[in-house]
Amino acid sequence: MSKDMSYSGVMSRRNEIMKNAIGIDYTTFESGSLSFDYEKMMRETGYTLEEMQKIQYSTGVGRTPVLELRNITALARKYAAPGKGARIFIKDEAGNPSGSFKARRAANAVYHAKKLGYKGVIAATSGNYGAAVASQAAMAGLKCIIVQECYDSKGVGQPEIIEKARKCEALGAEVVQLSVGPELFYKFLSLLEETGYFNASLYTPFGIAGVETLGYELAVEFREAYGKDPDVVVCSNAGGGNLTGTARGLIKAGAQSEVVAASVNLQGLHMASDTQFNKKSFTTSHTGFGMPFATWPDRSDVPRSAARPLRYMDRYVTVNQGEVFYITETLASLEGLEKGPAGNTALAAAFSLAQEMDKDQIIVVQETEYTGAGKHIQPQLAFARDNGIDIKFGNPKEEVAGINIILPENPGMIKAVDHEMNKLRKSLIKNALANYPDAKLDDSDIDFLVKETKSDTEFVKATIKEIKG
């Protein structure tokens with residue numbers, strides 16, 4: 001009897017498909033009414049930090065250089081109060097084989113897939129992770145399929161995503177490109193079931209644990225070179241894996257650094273809207289992913305996401321598109337480094353945050369990514385203009401996503417905007433209760449929500465009372 005391949009038929013088998021494609025039975029981690037044992041799940045990787053480093057180093061991943069941005073630091077100090085202006089550094093993750101930190105996630109996932117005997121790997125991703133999986137699969141001799149949400153209903157593709165497809169194909173992957181909408185997950189599940197390949201998801205314990213090496217390296221490198229841990233580490237934030245993994249690595253190294261999430265402000269644009277899909281100039285590290293995934297991580301392609309950023313986030317800031325474009329050009333013209341938009345989102349935030357800090361403090365942008373073709377400033381701005389976006393110089397705080405892109409008239413106008421952390425924490429608790437409406441909360445559930453929100457019992461109980469009225 002043939003399987004029901006209708007949308008509802010495939011979706012009804014999603015848990016079975018996922019279990020077969022990852023080799024993890026997520027039900028074993030469930031504990032209370034809505035809680036699960038996160039640390040037990042993370043231990044499911046079966047690899048120690050040292051083993052993960054060995055896996056990554058064997059394929060040329062990791063041990064990327066830390067670079068001090070002396071000229072950008074000097075520029076930030078021109079706009080800072082006397083005695084202010086922290087030293088700004090970047091960890092140049094563009095030096096990984098596929099051109100981004102996501103090689104760390106992919107190295108672990110692909111290694112594990114081969115160890116378990118899978119013949120290939122599949123990932124649903126707009127690009128950088130796809131390139132990383134394709135690169136690692138090529139090294140491991142595994143087949144690779146990347147599923148992308150690329151086009152609107154008119155067949156117009158976002159240049160950054162098209163560029164990433166080019167890179168994936170160049171590295172030997174088969175790329176399945178889809179229009180915006182619910183068919184992405186359906187097609188992804190169908191391919192997993194049809195091929196029997198490993199789900200190299202961004203959100204498995206294998207992938208997130210792979211980023212722990214980045215945070216650990218940061219702490220070790222700064223102690224060796226500067227005799228101290230970074231005071232602040234800024235992470236570009238979308239699905240939360242970058243921040244989660246980096247923070248966990250810092251913790252394993254015993255570092256006390258403040259961890260800041262940074263996203264591009266795309267407020268007002270709906271990520272699943274066909275008409276708004278090409279109104280944005282950033283396909284990752286933006287609030288359209290960052291906010292929803294921070295306040296409810298379990299919305300991904302696995303039953304329980306290993307990326308849980310609110311557990312580790314001390315601060316969440318946003319910057320506008322024009323500010324990131326400006327800092328991207330600044331990095332190239334002042335430091336001789338041409339990098340892509342994701343890491344430069346965090347750099348725009350760091351440029352602003354450094355001005356609040358003392359001169360002897362250190363702020364680090366923990367990733368860079370490669371640039372070129374559709375990822376570059378020029379094609380992105382040209383594409384925006386073709387889609388009716390007004391591009392001008394002015395006050396970036398007047399920028400409205402989907403309407404205009406405002407490049408700052410001077411660097412001093414780059415200002416990161418803080419988001420109220422307690423508001424995010426309350427949103428997560430509200431989403432947890434909404435997703436588990438029949439939950440009879442016990443102490444384990446309360447403790448879980450305390451950890452999920454990096455808060456305390458009093459805050460969680462008060463929020464639940466407020467929500468339930």
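Cβ coordinates are placed from backbone N, Cα and C, and glycine is handled just like the others.
Here is what Swiss-Prot says about this protein:
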BINDING   ASN128, ALA238, GLY239, GLY240, GLY241, ASN242  pyridoxal 5'-phosphate binding site
MOD_RES   LYS102  N6-(pyridoxal phosphate)lysine
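Within 8 Å of the Cβ centroid of the pyridoxal 5'-phosphate site, not counting the listed residues ASN128, ALA238, GLY239, GLY240, GLY241, ASN242, the chain contributes LEU202, SER236, ASN237, LEU243, THR284, SER285, PHE289, PHE293, ALA307. Put plainly, the recorded positions LYS102, ALA238, GLY239, GLY240 were compared by Cβ crowding within 10 Å, and the winner is LYS102.
All protein chains shown were included, and the count of other CB atoms within 10 Å of the CB of ASN128 (pyridoxal 5'-phosphate binding site) stands at 27. Counting in whole angstrom, GLY240 (pyridoxal 5'-phosphate binding site) lies 12 from LYS102 (N6-(pyridoxal phosphate)lysine) by their C-alpha atoms.
Here the CA atom of LYS102 (N6-(pyridoxal phosphate)lysine) lies 7 Å from the CA atom of ASN128 (pyridoxal 5'-phosphate binding site).
Counting in whole angstrom, LYS102 (N6-(pyridoxal phosphate)lysine) lies 8 from ASN242 (pyridoxal 5'-phosphate binding site) by their C-alpha atoms. Secondary structure at the residue listed as 'N6-(pyridoxal phosphate)lysine', as computed by DSSP, is helix. Cβ crowding, taken as the number of other Cβ atoms within 10 Å, peaks at ASN242 among the binding-site residues GLY241, ASN242.
As a whole number, the greatest separation of Cα atoms within the pyridoxal 5'-phosphate-binding residue list ASN128, ALA238, GLY239, GLY240, GLY241, ASN242 is 15 Å.
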